[in-house]
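If you check TrEMBL, you get these features:
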| type | residues | note |
| --- | --- | --- |
| REPEAT | 133-167 | repeat 'PPR' |
| REPEAT | 234-268 | repeat 'PPR' |
| REPEAT | 335-369 | repeat 'PPR' |
| REPEAT | 436-470 | repeat 'PPR' |
| REPEAT | 506-536 | repeat 'PPR' |
| REPEAT | 537-571 | repeat 'PPR' |
| REPEAT | 572-602 | repeat 'PPR' |
Amino acid sequence: MYRKYIHTARTRFLHISSTTPIDFLKYKEEILATKLAPILKSCSDNPTHCVFKQGQQVHTQIVVNGIKGLLGTRILACGGLNAVKLGKLVHDMVRLRGFEFDVYVSSSLIKLYAENGCILDARCLFDKLPVKDSVLWNVMLNGYVRCRDSGNVVGLFREMRWSDVRPNSVTFACVLSVCASEMMIELGTQIHGGVVKCGLEMDSPVANTLIALYSKSCFLSDARELFDTIPEIDLVSWNGMIGGYVSNGYLLEGLDLFRKMVSSCAKPDSITFASFLPLVSETASFNHGREIHCYIVRHGVIMDVFLKNALIDMYFKCRHVEMAKCVFSYNSAIDIVIYSAMISGYVINEMNIDAIAVFRSLIYERMKPNVVTLSSLLPACAGLAALHLGKELHGNILKHGLEGNCHIGSAITDMYAKCGRLDLARQFFLRMSERDAVCWNSIITSCSQNGNPVEAIDLFRSMGTEDVDYDGISISAALSACSSLSALHYGKEIHGFMIRGVFSLDIFAESALIDMYAKCGNLELARCVFDTMQEKNEVSWSSIIAAYGSHGRLKEALALFNEMKQLGFQPDHVTFLAIISACGHAGRVEEGRHYFKCMEEDHKIAARMEHYACMIDLFARAGRLEEAYEFIKCMPFDPDAGVWGTLLGACRVHGNVDLAELAAGNLFNLDPQNSGYYVLLANTQADAGKWERVLKTRSIMKERGVQKIPGYSWIEVNNYNHMFVAADTGHSYAAEIYFVLNHLLLELRKEGYVPQPYLPLHMESSKLTSLHNDT
């Protein structure tokens, strides 16, 4: 075939168009190259079969006439088409004609291979070349960067340093970008020394990459020193430094630099705002965010997908959902990242149904959900307890082979746990091929929050044996499990671990430690932890206020609350929840009402469901049940099971059967399989002697197939937790325990105690007798 093309080229003319043909024999090499170049460009722009054959004929003429220097790179127009197979065919021809080692041809071939994922072919040809210039080295380095092969980037750069070729600014920028992305700060500083030695430290691409390196490695002072020494700061420099401040949490410094940028007449672009807007999201400053949005519109900044995503995220985090929706529908710049941001934003704002609707919309638009999309949607299923939909998503994840991703794995575990299937959460967790700290934290937290604190502590220990590093979240989850068990010994062990490690300075872990000691009954140790904290925040202040409040020491709790405000800390919804709860424990109804009003009117904090439940508990503890019920009717949203459950419990204490039945009716609709509500109502009715109503309640329970879950209790003896269930005989010391209990019962009767059976023994109804036997 190759000989055929040579023969055809020698005997025919090649037409550029329908105009006059070109006679190859009339032109010298330079002129011929000028004439043939447009034909090759035409082959690249219009890769049809006919034009491609013309390209092959041109190639033949180039071979015949020995033109290689000027057209070497143009021969491989297939590089622009990403046609690797065609490129390999041409490569074979080049090899046959002996042009493989020509610097122009080989550079084009290596570029073709490197830019199209054939890095091994590129390296094979690269290693064969006897002479390599800086362009070849840079093409090869950038090829490895494209493949995210940082090891070979570093290795090839070291080979280059041993060669006679001197690295240039392109080389340094390429290698430093890898050091920045992989946070290889030690190697990066060594290369920085080489940059200075070569006199390239003020070159803009190199300087900007160094700023990115130091920023991502948390060396902000070094990044700023370099930024301040650049003679001409370009837009990339401004963006890199502002982004560095924001991503490292230096919000005020980022804001100050942004103002300097605007005042220096540098015009911010979409990247500037996309880097800067997370600062507004962190501070939840809606006014600042709106001002920036106005600037963007007023100055005609291009609304690309990155800026659009940042604006949507900012509005969602500032709780302005309607503005986020407006930005979403503003123009056609929508991709899967934008859809994922919408889903995540709705979930943050507890609008889970809207999040699912957006997901259905992106499926309708034939977009393929990615890892971020699915990880954002699974919490919506968890929030709705939509187990069926969660399982469908899990099936889709399995189908696309994404189950091994740690972020998705954590979301699946959390979804199953919050949908009431802790067993499925545990099964899935154990099947995961790879588990990072986030996965471990998810299952430990799920067990701790879903009534299985013993397993949470066991998993916490297993996490350490598998060489997974603990973090503040895992420590806090384990301490929460200790709080649930009142396991003071385990809590002290974790405290010792925190002191020996780096967690003694973790504010959130220390706050969890305060909560653990308080719930285990040791208020003195809780206060000691608080007083010795080197740094405090709103969470730690709320923890110690709640500790005193739960122990009924309202005076100290209020004193701490006032001190907190005097020191400049702003109380949040958790702080006020602790204060109102403390008023409830102390029976101070009016003070609780005052702080509820103060929260909404003075501090502009909207009351949540838990605040209303706390206020209802406040009224109920004082026996003011009608006020509690009126408070429920005035709620701006539908009361949940926690609110009605609080009222039902108070009705049992104060013997209000009618209100108890009203509360229970709502609870049976909200949570029909919770046996506790049925038992609580039946007990209230029984205390009032309403036996027929008791039978009716138990009948409803049996008709619905509700099984009574036995209550259990535990006690720590000699640093070991013992758990007991009613009528339990499984404990190793059961015989001795019951012997002591019987002895205590005899002593109690001597002192005048009379046991009260669940139902009176003289009841004649066989159903009631059966009911008595069941209980």
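Just so it is clear, glycine is given a Cβ too, placed from its N, Cα and C backbone atoms.
Outside the repeat 'PPR' (506-536), and at least 6 residues removed from its termini, the chain residues within Cβ reach (under 8 Å) are 472-473, 475-476, 479-480, 482-484, 486-488, 491, 494-495, 498, 542-544, 546-548, 550-551, 553, 569.
Residues 305, 308-309, 312-313, 315-317, 319, 321, 324, 328, 376-377, 379-381, 383-384, 386, 389, 396 of the same chain sit 6 or more residues outside the repeat 'PPR' (335-369) yet have a Cβ under 8 Å from a Cβ within it. For the repeat 'PPR' (133-167), the DSSP counts in helix, strand and coil order read 26 helix, 0 strand, 9 coil. Looking just at the repeat 'PPR' (572-602), the mean pLDDT is 91.
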